[in-house]
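Everything on this sheet refers to the single structure shown next.
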């Protein structure tokens, strides 16, 4: 949950006045337009992000803008940053009851309410972005997600992905699994559960306290996102070892939720527009993170003298084993989680096999080492 | 060029009657609809694919269907398989002169006309799908592509990706670079140029002749696509060694081209709809290949006793070096290719560095070996 607080504490909380103008002012030469009396549908989209948070907040704004353009102004969606209309953690409920027609966030925020939801953001040693999207579209993922959200009067869709994240910031070198014993690391959620199993001490801190805690030694390490966001957050000033890969979040998906009644009331063309715009947003976001992360990484390494290191192999093996155990436990405690976990495993095994001979074999062949 | 013939020879050339009904028959409850007198814009989309070729041909049909739904029937696009309206290799010219308003194919088909075009499909040891999309969106790729197609009155967009392909079918084991010396392998395009440099003999055969040539020993090996398409083509009956990875086509992109005047004449909302629908198609296609390839691979290995093998490391190193030389030569011969190659390199270096610590490190950590 602290993930949200961390976003709230992030850089760009300055408010931008909502600039979505009411429809009707645009000049169009479309043949149909001239004879058309447009009824504008006004919607609200509540989000879990600070205004214009790079990638996530900006993605929500772009989504609304694209839907407006595609609908020729007929579907006009005002975007609210976390706290503007409802607090971040109330986005799910607000859309469920229709206070807003759309929400933009990430599914694992709702795990207290819907345990299985966390499978629809990212899980330790789970899917990367490409695999997650394929599971949703062709592996039965979307149908399960829809079933699980249906009792809440919600329709979920994938609206973005931040890709493989970084392993985190450490104030000492990690040379083996032994160095994780007793390590105080800030990590919420499933990753924290996994840490416990390998002997570390996961600490759950709000984002606002992370920097100081790391700088003063209250914690030894923290996870965050990836270079694009981490650079902006300034963590390189508090710890100099930057480890990879982000085993705990290998493909963090962003979700859009629609109030089911509101969506059903849309004309079919606007429904199709909304669906396509969300897919466009999904592709746009991973493109942005893929393109932007390395620039930030170079700045961290070359200008801020961050030491970039891979986790040792024995540690990764232990984390992998502990991750599988953690997922088994989550599944055992909740029938919906069990169903989703089965689907996850049924897609993970074959897609991993395929990616071993395609993506993995290729990316290893391409590398110089 | 033979790539097209190979598609033409493929399985599903049976014609499906064009079922795109004229607009106006759909019942909509949309508020705007009742007062709207819809002027339907009728377009033609010519493609380089056999009707309903899995992934590619079906992708073109889905794209037209989605645009029709999103536009409430205002943009009605009839899709033509290769040869129905124009032959596959005339798609570029047909859209350029406005015979059709849209085309669906792959950019390297036009390399005889526009040498730089092949950078916008896939190049040996180049981008995977995720990297290609990011280069197009954030690395200056799209702007260059648009510049290069502008003199032909065309606007290009990415409409799909088949992902990392397989290395091909061989009638003998490949244990080292030595085994490629004198090897007669069917491989068109840049991959063929690379083969020459490592001592193999690239053979340029139309798809219709590949199976027999491989079975009779006229050729020792052939590349094709990936398991999803290769299984259907039956190549396992002609050779039993199936090698990976597809170093020559690590992320084969599908393109859509629009006639510039036709696109400009669309109302802004239909332009936005077309753009979003193409991005949706892009995401949908990689999802389909990601999800489908492993099932086909399992069938090949378990039911048809295909022997799945990785290329030896020394061979891959030699192919990588030869690929870089080949790209340098292509660039040296053509100013546009030079410009695109510079942009390609300027994005490849950082995105590879980033993916080394994210995608690559993660996918290796996840694997059991």
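Glycine too: its Cβ is placed from the backbone N, Cα and C atoms.
The signal peptide feature in TrEMBL is assigned to A:1-21.
When Cβ atoms from all protein chains are considered, those within 10 Å of residue A:186 (substrate binding site) total 27, not counting its own. Taken from TrEMBL, the feature substrate binding site covers A:165, A:186, A:223, A:249.
A 10 Å cutoff on Cβ-Cβ distances gives residue A:224 (Na(+) binding site) a total of 23 other Cβ atoms nearby, all chains included. Marked as Na(+) binding site by TrEMBL: A:224.
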Within 8 Å of the centroid of the Cβ atoms of A:165, A:186, A:223, A:249, which other residues of that chain place their own Cβ, given that this set defines the recorded substrate site?
A:166, A:167, A:168, A:187, A:191, A:222, A:224, A:225, A:246, A:248
Count the other Cβ atoms sitting within 10 Å of the Cβ of residue A:165 (substrate binding site), across every protein chain shown.
27
Which of the listed binding-site residues (A:223, A:249) has the least company, meaning the fewest other Cβ atoms within 10 Å of its Cβ?
A:223
Residue A:224 (Na(+) binding site) and residue A:165 (substrate binding site), Cα-Cα, nearest whole angstrom:
8
Based on the record's binding annotation for substrate (A:165, A:186, A:223, A:249), what whole-number value in Å is the widest Cα to Cα distance?
15
